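Enquirer: Swiss-Prot lists D38 with the feature active site, giving sequence analysis as the kind of evidence. Per Swiss-Prot, the feature active site, proton acceptor maps to N86; the stated evidence is sequence analysis. Summarising the annotation, Swiss-Prot assigns Mg(2+) binding site to D38, E231 and lists sequence analysis as the type of evidence. Annotated substrate binding site per Swiss-Prot: G39, N40, R41, R42, H55, S83, T84, D85, F87, R89, R212, R218, L219, S220, in sequence order.
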Amino acid sequence: MVRRLLALSRPLYWLYEKRLLREVKRGPMPRHLGLILDGNRRYARALGLSPTKGHEFGVQKAYEVLEWCLEMGIKTVTVWVFSTDNFKRPPEEVETLMNLFLREAERMAEDHRILEHQVRVRFIGRREGFSPEVVRAIERLERRTEGHRGMFLNIAMGYGGREEIVDAVKRLLLEAEARGLSPKEVAEGLTPEDIARHLYTAGLPDPDFIIRTSGEIRLSGFLLWQSAYSEFYFADVLWPEFRKIDFLRALRSYQARERRFGR
């Protein structure tokens with residue numbers, strides 16, 4: 001009986017998705033979409049599986065959502081996959097994630113979707129905690145795609161919003177010192193634009209829209225500086241369960257909002 005009901009509901013689901021897709025495609029798209037991928041471990045736990053399996057499901061979902069973004073014409077996407085705080089997780093889980101990052105960085109360098117759609121991949125965050133093998137793999141991927149102009153994909157790995165601002169200020173001060181400026185001269189001339197030029201995302205538009213899955217209603221430090229005027233959407237589903245319908249509903253919500261930018 002349950003299987004029969006599910007079989008009957010699939011055509012209705014498909015029709016609804018198609019209608020929603022047509023509706024959303026007519027509206028404005030965010031230039032820069034931020035994604036906080038939350039809920040992999042909880043998803044695995046609910047199925048009685050290991051956290052590793054949850055992260056594997058999460059990786060596949062990330063590729064799927066990337067394809068949706070390409071379909072919708074979103075030009076810049078930033079996905080947060082690993083925070084600075086995540087290094088505090090159990091060593092065996094961190095090691096598993098490092099192996100996953102290494103595998104996927106190597107795979108993405110040859111992925112037909114990345115190459116055909118001219119996706120430029122950049123990794124933002126602190127790399128000190130990663131193994132030399134992981135760092136070499138992500139640097140190779142960055143070099144492989146540095147000439148691409150179809151989409152900018154930022155992968156936030158070893159990322160923390162506070163750390164990003166600290167790193168930006170450090171770079172700014174070192175640059176000023178190299179130019180022979182005193183601390184007083186730096187302080188007197190400092191502007192928000194000076195900070196922005198030294199962020200990991202320098203040269204890219206600030207995120208218009210940020211989606212977080214898992215039902216958690218917080219940013220947890222994601223793009224702290226850049227999200228001053230972002231719109232937010234908190235989806236009450238775990239990341240591996242995030243469907244195209246959920247994605248389209250989020251975009252529809254964004255399109256219905258009036259952005260005032262503090263005015």
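Heads up, the Cβ atoms here are built off N, Cα and C, so glycines get one too.
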Enquirer: Same-chain residues six or more away whose CB lies under 8 A from the CB of T84 (substrate binding site)?
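Expert: Expected: G125, R126, G129, G158, Y159, G160, E163.
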Enquirer: Give me the count of other Cβ atoms within 10 A of the Cβ belonging to H55 (substrate binding site).
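Expert: The answer is 23 other Cβ atoms.
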Enquirer: Could you say which of the recorded positions D38, E231 has its Cβ with the most other Cβ atoms inside 10 Å?
Expert: D38
Enquirer: Quick one: pull the CA-CA distance for H55 (substrate binding site) versus N86 (active site, proton acceptor), whole Å only.
Expert: 13
Enquirer: Let me know the largest Cα to Cα distance in Å among the substrate-binding residues G39, N40, R41, R42, H55, S83, T84, D85, F87, R89, R212, R218, L219, S220, as an integer.
Expert: 21
Enquirer: Determine, to the nearest whole angstrom, how far the Cα atom of L219 (substrate binding site) is from the Cα atom of E231 (Mg(2+) binding site).
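Expert: Approximately 12 Å lies between the Cα of L219 (substrate binding site) and that of E231 (Mg(2+) binding site).
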Enquirer: Using DSSP and three states only, what is E231 (Mg(2+) binding site)?
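Expert: Its secondary structure by DSSP: strand.
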Enquirer: Do any residues at least six apart in sequence from F87 (substrate binding site), in the same chain, have a Cβ closer than 8 Å to its Cβ, and if so which, in order?
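Expert: Listed in sequence order, they are V94, G129, G158.
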Enquirer: Quick check for the class: what is the C-alpha distance, in angstrom and rounded, between R212 (substrate binding site) and the residue listed as 'active site'?
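Expert: Computed Cα spacing between R212 (substrate binding site) and the residue listed as 'active site' is 7 Å.
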Enquirer: By a simple count, how many Cβ atoms lie within 10 Å of the Cβ of R41 (substrate binding site), its own Cβ left out?
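Expert: Here the count is 21.
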Enquirer: Between G39 (substrate binding site) and the residue listed as 'active site, proton acceptor', how many Å separate their Cα atoms?
Expert: 13
Enquirer: According to DSSP, does R212 (substrate binding site) sit in a helix, a strand, or coil?
Expert: strand
